[in-house]
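Taking it in order: structure first as structure tokens, then the write-up.
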Amino acid sequence: MSTTAPIPTERSTGGAARARPQRRPGRGARDRKGTPGSGRQRRDGLERLRVLLAGTMGAILAGYTMMVPLAAVLTASGGEGVSPDGALATAVPLWLAAQQIPLVLDGRQLGVLPLLPTIAVFTVVTIASGWSVRRLGGRVRHDAGAVVASQAGAAAVVAVLGGALLPQDMAVTAPWASMVGAGLVAGSAAGVGVLRACGLPETWRERLQGWPAAGLAGARAGAAGLVLSGALVLLAGLLGHAPEVARSFATLAPGAGAGLGVALLAVAYLPNALLGGMAWALGPGVDVGAARNGPFGAVDGAMPPFPLFAAFPTAPVSVGAVLVLLLPLGAGVAAGVVCSRSLGPVADRTDRLAAAGVAAAVTAAGAGLGAAIAGGRLADGPYDPVTLSGWLVFLAALLLVGLPAVAVCMGLDRSATGAGRARGVAEARRTARADAGRPGSPRAGTGRSAAARAAAARAAGRAASAEHSDEPVARRPGTRRPAGDDEGRDGGEDGGDDRRAGSRTPSGRGTASRDARARTADGPSRRSGPATPEAEHDEPPRTVADLVARRERESAAPHPDED
């Protein structure tokens, strides 16, 4: 007997289709057709790469282009002819100097590098990094790292290549110095640009709330005060030694072209001189070779024939020069005031002390770092080295800025606490009066005195006993029955029926709940005054009917203030 296979029905085939998992395309199919969105991902990756390359190479080319005119002017001031190739070649060591990379000229080290070109390159990298991160989407966690790494890496690579392309009479002290110096400058500038464009991450903002943010605000004020102190000291030195400055200028630059070159160099070294003035105002001073200059004394020695060096005194300073320490003390006072205002009058002493400490520490760290960068080697002669002791500047700034900042912040804490308490008490009183005068407020009517409230309660009780003498009076167990309560006792059965009827009525339940809520709202105003003998016997009702009767008596009783 032959058997035939059953013909699959639609239901069976549908079940089989549902039972079988869907087949995924094979590896060959994926290779031929590509995964979904792979083309878009490649386009996004190429776009990101294009933006990063544009930002990094644009920053390097812009910084290098800025050095070409300066190189041409310096070359012309030396009496030599200027050519495009010569200007481009001279701009390479200038760009390396702008990256704070020490150079060797004719076998002599030059470590005192101008800070103004560094500030210019820093600004260019900051702008380029901000543009790049905005084009990438402005996400700190996803885009900031790529921008900072690309800027730092590109600057380090170009610095190493630039050091290899220097002429024979020039060289860098070490290739690693070129890579590290350029990478640090470009990476720091890129970090600043990214934070300016994207802002701080949310977690950072939450952690910096309170005294850390107040401390950073105070640090900005303290740093501005120290910079102003250095500028005032430098200006006073230039004005006080104007003949020496003019004499050194004429010695170095007898002609117009040389004068222009010396003027450009003086402007490029102006931030270094400002940091020297800040170190002089803080106390450590400036050491040039064997010469020492400071407010506590000066040691005579050979000084370079440069206009900015002529501003520092070489003769013994007067005793009144110690008063220059008032300038950093004023910076500390400003930092303390800013910290106190940022915290507000409600901050406690711990937060104020922490904010002032952060402001002093950050300000001192910035001052010490700037002093360390401003100095360096100056050939191998009597002027070597130019020293601004970073550690001494840090300690002096920590002391002269931190002490007044802490004192002012804590002193303002005492005055602000008293003023804040007085303002808080006055505000509470105004709020209480406003709530008492508002009709719908729960505190309405609390402005009356306790005697007025007690008189109102007694009047309500007398009116209730006169009008509703047949109602039972609820009393506390163990207390005497008031006079005239016999009628209520005789009619207790009827009253009980009424109470039972009232408790079974739905409207009674609604009235009782509304009256209970009203009594709860009026409760604080009744309990605010001292207890009276009449109020002690005024016990709360025990049934719904008693509660309804009491509310009727209270609504019918005349208010004593209306008489």
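Note: Cβ is positioned from N, Cα and C throughout, glycine not excepted.
Because TrEMBL annotations are produced automatically, they should be read as predictions rather than curated entries.
The compositional bias 'Polar residues' feature in TrEMBL is assigned to 1-12. Annotation comment: TrEMBL describes 1-44, 420-563 as region 'Disordered'. Among the features that TrEMBL reports, transmembrane segment is placed at 51-74, 112-132, 144-166, 178-197, 217-239, 251-270, 317-341, 353-376, 388-412. Sequence annotations record features per position, and here TrEMBL assigns compositional bias 'Basic and acidic residues' to 424-436, 465-474, 482-501, 548-563. The compositional bias 'Low complexity' annotation in TrEMBL covers 443-464.
Sequence-distant contacts of the transmembrane segment (251-270) (same chain, six or more residues past either end, CB-CB distance under 8 Å): 70, 73-74, 76-79, 114-117, 305-308. Between the transmembrane segment (144-166) and the transmembrane segment (353-376) there are fewer than 3 Cβ pairs closer than 8 Å, counting only pairs 6 or more residues apart in sequence, which means the two stretches are not in contact. Here the transmembrane segment (112-132) sits apart from the transmembrane segment (217-239); fewer than 3 CB pairs are under 8 Å, leaving out pairs fewer than 6 apart in sequence. Sequence-distant contacts of the transmembrane segment (353-376), counting only residues of its own chain at least 6 positions beyond either end whose CB sits under 8 Å from a CB of the stretch, comprise 100, 102, 110-113, 115, 211-212, 214-219, 221-223, 226, 271-272, 275-276, 278-279, 282, 284, 331-332, 335-336, 338-339, 342-343, 347, 385-391, 393-395, 397-398, 401-402, 405-406, 408-410.
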